[in-house]
Each structure stands twice: as structure tokens, then as C-alpha cells.
Amino acid sequence: MKRERLVSLPIALGLSVIGFIYYATVFVVIDGWMGLWTSNGLMNAAAFTALAFMSVLTYAMAIAGDPGHVPSSFAPDVEDSDGTLHEIKRKGGDLRYCQKCSRYKPPRAHHCRVCRRCVLRMDHHCVWINNCVGHSNYKVFFVFVLYAVIACVHSLVLLVGSAADDVHMDQHQNGGSFKTTYIICGVLLVPLTLVLTVLLGWHIYLILHNKTTIEYYEGVRAKWLAEKAGNTYRHPYDLGVYENLVSVLGPNPFCWICPTTGHIGSGLRFRTLHDSFLPTMSR
């Protein structure tokens, strides 16, 4: 099901903030402190422009990209001999079936009430991209947050350095509008940098454990129930740190910061711990 609106109020607000921070960083902070046409000014402006470009590009890709839909022809093969993991309902033990979409759910898929459809390997619905973060756009979303954090830190360092230099040199020749721009930029940058850094750290943790946000909270309950029964619980898709990184970001480490998705597969089946044990058990 297609979304009714591609651009929402939060997206418009986000793009406005990005545009203002870019203008303030390049044409107010860098130009006023280093001079835009000096070697240091050009180097910092070029670096920040590249970061801003990648942030906007990946942001647009996360907004417009399909997070991953369940094919209408999908049906779980319960007689599959390849060790495919079939997720079942907590109550009754039946295969997971979405009553709203009238089709079976593949492993790690969940129904989004906002998008009104099932999303493959759903992580969460993000109002800031007016889209779900799922199997097909998760890496793009992660790379966007990564570039956004680096850009915010770069801008914040320049802003603090420029302000400190002004105080040290006791310069007051800048107009009131420039001082206002400094203040607004700082008010936006500090909380934005903190929030995005926390978000980045959270998703790094999830990637290292090959979990989604939904699976993390499901795992908390599953671990509690397992410990209550005297058993141990391990996330079935946790293949080890490196394999988890490869599974989410791709086999080439040089492409981990690129918004590429050619490695992700169909999203209907994922490697599990059980798959890792099969070769050993068959010997």
C-alpha cells in the first residue's frame, strides 16, 4: 500500500533545520571565523558540504525507499528441510498470520499500524521520515544517522571554536543578526547532536547483536521467561559480531558507510544460530 503523503510536517521541519544549520555553519561561522576563501575555510566548508550532501541524500533515500513488503505469494513452507526457522504465536503455537493483511508473516516481519501493512524485518516506524525502518531501508537509515552525527559534531566544533575565538579576541564588530544566528544554531545543534548520538549508539548496539528495536523488547521478555523456567536464552539471529555486521552492512567493510543494499537478500529468510550448527551436526 502506497503512502498518501511522501512529505510530512516533521520532514519539512527536518529539512528546514538541515538547511539553516548548513547556512549558519558555512556562511556565518566558517566565513566569519576563518574566511570562506582561505585554505582552512575552504577545507572545512568542503568537508561539511560533503557531510551535509550525504546526510540529505541518505535522508531522502530513507524517506522514499520501500522498507520491504511481504509478497502476496508468500507462504511458509513447513516441510522445508533446510532448517528454516518458523516464528509462531506466543499463544496457540500457530504460524504467525496477519489478519489485517490476510497473509502469513515471514520471520521478523511485523504489521505497522501507521503504514497499514506488514514490513519485513521491521525495526520501527519513524515520523521523521514518514516511513517504516525495515529490511530494505535499514542500512540507509543507519548511514543517514551516522553522517548526520558526524556533520553535527563538525558544525558544533566550528561553532564553539568560533565563539571562543570571539571571546578571546574581544571582537564585537559582527552585526546583531550574526550573533542571533550563532545562538539559534547552538540551540538547535546541542540537543540535536545529543539525540542523534544516542540514536546512533542504540543502532550500533542493535547491529552488533543483529536485533531490531522490536526484537530487543521481545527478547527482554523471552529472556525473563527463560530464566524463570531455568533455561538460557540467546537471540536466534545473533551470529557473532562480525557476521552480524556483514549481515546488516554488507560483506565489504569499505562499503559499510555507503547507502548500498545489494547484499540484503529477499528478507523472507535469515541465517540463524541453528544454521551455524547444522554443518557440525551433519558430520
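Every residue gets a Cβ built from N, Cα and C, even glycine.
Caution: TrEMBL annotation is automatic and unverified by curators.
These features come from TrEMBL:
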type	residues	note
TRANSMEM	7-30	transmembrane segment
TRANSMEM	42-64	transmembrane segment
DOMAIN	94-218	domain 'Palmitoyltransferase DHHC'
TRANSMEM	140-161	transmembrane segment
TRANSMEM	181-208	transmembrane segment
Counts of helix, strand and coil residues, the domain 'Palmitoyltransferase DHHC' (94-218), according to DSSP: 71 helix, 17 strand, 37 coil
Rounded mean pLDDT for the residues that make up the domain 'Palmitoyltransferase DHHC' (94-218): 90
Cβ contacts under 8 Å made by the transmembrane segment (181-208) with residues that lie 6+ beyond its boundaries: 17, 20-21, 24-25, 28-29, 123, 142, 145-146, 148-149, 152-153, 155-156, 159, 162-163, 216, 241, 244-245, 248-249
